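According to TrEMBL, the protein carries these features:
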BINDING   Arg39  pyridoxal 5'-phosphate binding site
BINDING   Arg61, Ser62, Gln69, Arg277  substrate binding site
BINDING   Arg235, Arg362, Lys427  tRNA binding site
MOD_RES   Lys248  N6-(pyridoxal phosphate)lysine
Amino acid sequence: MQGKCPEDGWDESTIELFLHELAIMDSNNFLGNCGVGEREGRVASGLVARRHYRLIHGIGRSGDISAVQPKAAGSSLLNKLTNSVVLDIIKQAGVRTVTNCFVVPMATGMSLTLCFLTLRHKRPKAKYIIWPRIDQKSCFKSMITAGFEPVVIENVLEGDELRTDIEAVEAKIKTLGAENILCVHSTTSCFAPRVPDRLEELAIICANYDIPHIVNNAYGVQSSKCMHLIQQGARVGRIDAFVQSLDKNFMVPVGGAIIAGFSESFIQEISKMYPGRASASPSLDVLITLLSLGASGYKQLLKERKEMFSYLSSELKKLADIHNERLLDTPHNPISLAMSLKNLDENNDAAVTQLGSMLFTRQVSGARVVPRGSVQTVNNYTFKGFMSHTNDYPCAYLNAASAIGIKKQDVDIFLKRLDKCLKASRKGKEKSVNEICTSNTGTEQLEDQKIQT
C-alpha cells in the first residue's frame, strides 16, 4: 500500500489482519507492557476493545491532531494512511489539485468552526463572515459558535432556482471593509430549489479583495458537479478550505468530517488548532470502508447515484404531472430535486405540513416538505420563509434527493407512497396521525414487499 486507495477492494479477512497488525504496534497491546501513566489505553470491556480492534489510543498528541504518538505507532500509522487514502479519493472524485486533507472526529458544523477559529489568528480585526443564505442550522451555528457575526446574503430567484447574489456579496464587502471580514462561507451541496453557490465568481472576488474562502461541501464529494465547482474555483480564484461529511459521502456512522485544501501549510494550521487528542473511530470507519470498496467500488457507487438521480427526476416529474404539480426546474442542483405543492398550498394551509407527517408515518425518511411563510429564529437571527432559503418562495414544495447508496427500490417505494399521500390529501380523507401509524399494513405492505423483491 502506497497511501492510495487500492483499485480493487480487499476482503474482510485481509482488512482485519491489516488492522490487527497495526494494533500490535500500540504499546497497550505489547506483551509485558507496564503502564504507569494516566492514559495507557486500558479498556474494561472486551466488547469495546474488539469494536475498536484494540486501537485504543486515538490519534494525535495533546497539541496536534496530526502528530505521531510514540506509544501508539499503529494508531498513528492508521491516521496517516487514512488521510492519504481519503486525499486520493478526493482527487479521483474531481478536485485534482487538492494538496492536503485530514479526517477530524467532528461532524461538518464543528469542523467549519475549527476552520473559522484558525482564520481568527490570521485576521484579528475581522468580525464578519459573508454567508450566502442556506437554511440549514449547523452551518449557520458554526459561525456563531466561532464568535463571528454572519452577514446573510439573500439569494436571487432565477426561474425556479435560488442562486448566489454576486453583486450583493461584493457590495457588502465594500461596505464593511475587506479587513473586517473573516471569510466568505459558501455552499455546494444543498436542497433544491437552492443550487450550489457560484464558486468561481466568489473565488475571484475573494482573490481580488484578499479575503479567505471556506466552502461547506457537506455531501458534495458524491457529486462530480460539486467537485468540479471547487476545482474551478481554486483554479481561477481563491478557496482556502473545503469541508465534507464522512457519513454523507462514505456511508459510515455520523461523527467525522474531512477538511481539505490547496495550501498544505494552511490545512496543517487547522489540524494544529484542534485541542487535544482525538478519537480514531471516524478514521477507522472510513479506512475500512474504502479498503473494502476500493477505488473502483467507490466510483461505481458514484455512477449508480448519478443514474438514480436521472431516474428519480424522470419518475418524480411523471408523478407531478399526474397531480397537476410541477417538478421544479433546478438543473444546477445535481443531488436534490423539488416538486411544487401549489394545489395543497392553495386549498389548505395545514395540508402541506400534514403531507410531511403522512410520509413520515409511512416510513418515508429524508423527504422534506417545505411550507410557505415559515419563520424560524436561530441564535437571535430571524429567518422568514425558513427551510426555503429565501423570504418568500413562490410555492410550497417537497424535496427528495438521490444520495450515494440509494437503490431503485427506494425510489419506487417512495413514489408509490407519495402518490397515495397526495391522493388522500387532495380528497381530504386522510386519517388522523395516530391512525396513520398503523395504516401501512396488510395489502399496502405486501405491495411494498413486491417492489423490494
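In case you wondered, yes, glycine gets a Cβ from its N, Cα and C as well.
Using a 10 Å Cβ-Cβ cutoff, Gln69 (substrate binding site) registers 19 neighbours. When each of the recorded positions Arg61, Arg235, Lys248, Arg277, Arg362 is scored by how many other Cβ atoms sit within 10 Å of its Cβ, Arg235 comes out lowest.
A Cα-Cα distance of 29 Å separates Ser62 (substrate binding site) from Lys248 (N6-(pyridoxal phosphate)lysine). Here Lys248 (N6-(pyridoxal phosphate)lysine) is positioned 37 angstrom away from Lys427 (tRNA binding site), judged by their C-alpha atoms. Recorded residues Arg61 (substrate binding site) and Arg362 (tRNA binding site) have their alpha carbons 47 Å apart, per Cα-Cα distance. When Cα-Cα distances from Arg362 (tRNA binding site) are compared across the recorded positions Gln69, Lys248, Arg277, the shortest belongs to Lys248. Comparing Arg235 (tRNA binding site) with Arg277 (substrate binding site), their Cα atoms are 34 Å apart once rounded.
Neighbour count (other Cβ atoms within 10 Å of the Cβ, all protein chains): 11 for Ser62 (substrate binding site). Taking the mean position of the Cβ atoms of Arg61, Ser62, Gln69, Arg277 as the substrate site, the remaining same-chain residues with a Cβ inside 8 Å of that point are Gly58, Ile59, Gly60, Gly63, Asp64, Ala67, Gly276.
Maximum C-alpha to C-alpha distance over the listed tRNA-binding residues Arg235, Arg362, Lys427 is 54 Å. Pairwise Cα distances among Arg61, Ser62, Gln69, Arg277, which the record gives as the binders of substrate, peak at 10 Å. Note on Lys427 (tRNA binding site): other Cβ atoms within 10 Å of its Cβ, all shown chains, come to 8.
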